[in-house]
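**Student:** Pasting in a structure now, in structure tokens, and then I'll have a few things to ask.
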């Protein structure tokens, strides 16, 4: 058994989801994650811990995004039901507003799969003491908000059940699960070029999940990649339990409760294309407070405490995320290998990441077939 048969470069939410999909297929002990930054780090170059995070309609409306969102929602919903507290993932009521009506494709797609949430069980006792178990479907109340109920300046709005994620705690949960339960190996290292991830002649597949670094990583050098800076406020607001978002033409405003965090809530935000500073700015803090309080007046309360302003860099890409197979000839190593590129999710990594991982892994099904599954070792 070789730990480096499969190597994942990057330990953000994208790389961790690839490792999870591989592990579920029995390849955990064949897999190594190699990364400069790991869960627990707070570098501006490590995007995942700075995320809100939630499932929202902020993603694009193309077929790829819609497909990845659907897979991601199903995965997060299942995780919330089975291990939500440990995974820091929770079902949360949500309202989203648009200043300009979204595409019909986006809403139609979401409406179809956001409805069927889960099975619910209810145990009741009859007067004679006999216990009965009732099973019924619980439907997320996905519905359009009547026009007369929309705030001023809003063209369209919906209500539904979303999933919120405590981003820094969730990625630590994933790393622990991968290493302790599935036997995934982790190496902290910055590689100079993507071919360096072929750690030995046993390495068959490399997954390139490098986010913003894909622009400058030798062997990738993707000029379509760019950072999108955001500033957020981490607040303590235990009276806020609803996810609320407003999508403007040139802004995003959001209130995201951070699950299992003792009442912390993320307020945002900004979408600044091509800006890469880690600094935070007072005028942006004031803008966030003004917009979020106008959207959700309950925030304007003595119970809301600003803890810290933070900034992060979303790994964006012109044309959307890249999930693509590349057959590589490794002349200096005397063999061929496969690189699967999986990066550029922008601000949608937590909601689309699992779907992207499923697709990325499917691109090398033949190569993985040659690896004995864990269960048979």
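Numbering starts at 1 and runs along the chain as it is shown here.
Even glycines carry a Cβ here, placed using N, Cα and C.
Nobody curates TrEMBL annotations by hand; they come from automatic prediction.
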**Student:** Please state which member of 215, 286, 314, 317 TrEMBL lists alongside 247, 254, 347 for binding D-dopa.
**Tutor:** 314
**Student:** Which one of these binding-site residues has the most other Cβ atoms within 10 Å of its own Cβ: 247, 314?
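**Tutor:** Sorting the candidates by Cβ neighbours within 10 Å, the top entry is 314.
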**Student:** What does DSSP call residue 210 (FAD binding site) in the simple three-state scheme?
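**Tutor:** Coil, per DSSP.
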**Student:** Starting from the Cβ centroid of 47, 48, 210, the recorded FAD site, name every other residue in that chain with its Cβ within 8 Å, sequence order please.
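**Tutor:** Other same-chain residues with Cβ inside the cutoff are 10, 12, 13, 14, 15, 37, 45, 46, 209, 211, 212, 315, 349.
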**Student:** In whole Å, note down how far the CA of residue 48 (FAD binding site) lies from the CA of residue 247 (D-dopa binding site).
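**Tutor:** That comes out at 22 Å between the alpha carbons.
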**Student:** Given the model, what does the mean pLDDT over the domain 'FAD dependent oxidoreductase' (6-360) come out as?
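**Tutor:** A mean pLDDT of 91 is what the model gives the domain 'FAD dependent oxidoreductase' (6-360).
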**Student:** Name, in the order they occur in the sequence, the residues of the same chain whose CB lies under 8 A from the CB of residue 254 (D-dopa binding site) and which sit 6 or more residues away.
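**Tutor:** Expected: 52, 54, 56, 243, 244, 245, 246, 266, 267, 268, 269, 292.
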